[in-house]
């Protein structure tokens, strides 16, 4: 690489460093400015690392709640503090400019222009506002709480627009900062529209009420068919093929609102059910649905919709619970040998769908081809048009003049970012001012890279998400021309191949040990270790549940925690203790059951202690 002469670097670095660190001349502001520089650099590094290292595993739109809490707390006072520092830098820059203007008239026309330090702070405020969606879940709050948050963010965007268009005077600088502000406002409007669609759509926000009415009618219809047919127990394959649990499309059903919910017209052509998935897989040997993990993923999606009602205070009937258990333990579990691990994967995917619905920071819930077209193709085109319009307005109607102003009015672009960086690195060890100027430039660069990387990753997460896979599979099942299209099949197989290249975390449990007292004193999820679940443990848990259902019936009237105790007391040798302990063992209270375990353990320890003492006494004699 060709070295730059010292004279060129001195003439390049000195104006930039002087304009950026001129506010340090005031000894009263030096500590504040240095602290701001270091704090912003650490925040930029955190954002960049968060985006870089959180995507090497299985794709997910969820950010760790602890990290989100830390970031939201850190950013809550970001705008007020940075606005104060912006005002200080602006006033200090005006003072320095006035002193310079008194000795030279070359700055007279730009006497009201912001200093480089103030513009740098303004750039940070805009970039952090663009990255703020990283800590805001799409559905984390509902009702007035969400609207208050939206109003707060709207006020922040209006304030940033005021700072940009009122304080930045140069056409080239205003074009750059105005474009960033347009991006910020567009991202806010995008999030508001997504939120409104989710709340008002019967496929998402209103889905629980509709699905509850649908399931009530489906269960009633199945009971009537069972009474008419008087058939025995069906095989596992028949149970899955007859399952009417909806995967997608229930929002297309004709419905009539009533006092007790909706009256739904059960049009099977409008919905894709679990039975349709299994029937399609059996009908076509070369179908994509022949892959078992894809069918199970669709089943997890259907179960997630049923589970969502528990979070929205909609109770589940006993008949529906019995039907669901019958499908899982009599159908899916007996479909093939060694299905215990697959059963746990179904439950894990179901839980992941629920978590992403309520805590996703990306709009993966709306994953379907139409939303991809609107959100990631048409929306960027519209935003680009508004950015071009902003550029033309800032250039007084001339695109050529605006482009020339961007090059001439911005020192970094005029000099070249690479050239300026090389010169700063050559002088970084000789001057503290150059060091802090380099940190400011690095902070801005990291924030820009974090934003670009986050936008690219959002598209990739959307494409590789389970939501889009389920949507494509439902379209594939419902539309014959999709199944006959080589392009569609190639597209789905390509997405599945890319997903197979990613690392997938193992199934794990939070393991709480009663022997570790520090865990009992503070049972925080952070303190409880995560352990991978061995295959033998999965098989043991599933076998226990199956035995419980076989002994006590599919209704599951008894508590799975104490069913083994109840069955033990049925033995003849425990006949004398049966009337005393059986009511306690059949209790539905978890607290009472735990107390029973403690008392039984204490009695057993006392009995064995007495026995040992008696044996030791006889030995001494």
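In case you wondered, yes, glycine gets a Cβ from its N, Cα and C as well.
What TrEMBL records for 31-54 (among others) is transmembrane segment.
Taken from TrEMBL, the feature transmembrane segment covers 66-86 (among others).
The domain 'DUF4220' annotation in TrEMBL covers 149-491.
What TrEMBL records for 370-394 (among others) is transmembrane segment.
Sequence annotations record features per position, and here TrEMBL assigns transmembrane segment to 434-453 (among others).
Summarising the annotation, TrEMBL assigns transmembrane segment to 459-478 (among others). Packing against the transmembrane segment (459-478) from elsewhere in the chain are residues 55, 59-61, 247-249, 272, 276-277, 280, 288-289, 294, 297-298, 301, 349, 352-353, 356, 362-369, 372, 376, 488, 491-492, 495-496, 498-499, 502: each is 6 or more residues past its ends and has a CB under 8 Å from a CB in it.
For the transmembrane segment (370-394), same-chain residues at least 6 beyond its ends with a Cβ under 8 Å from one of its own Cβ atoms are 171-172, 174-175, 178-179, 182-183, 186, 190, 194, 363, 402-403, 405, 459, 462-463, 468. Here the domain 'DUF4220' (149-491) returns a mean pLDDT of 85 for the predicted model.
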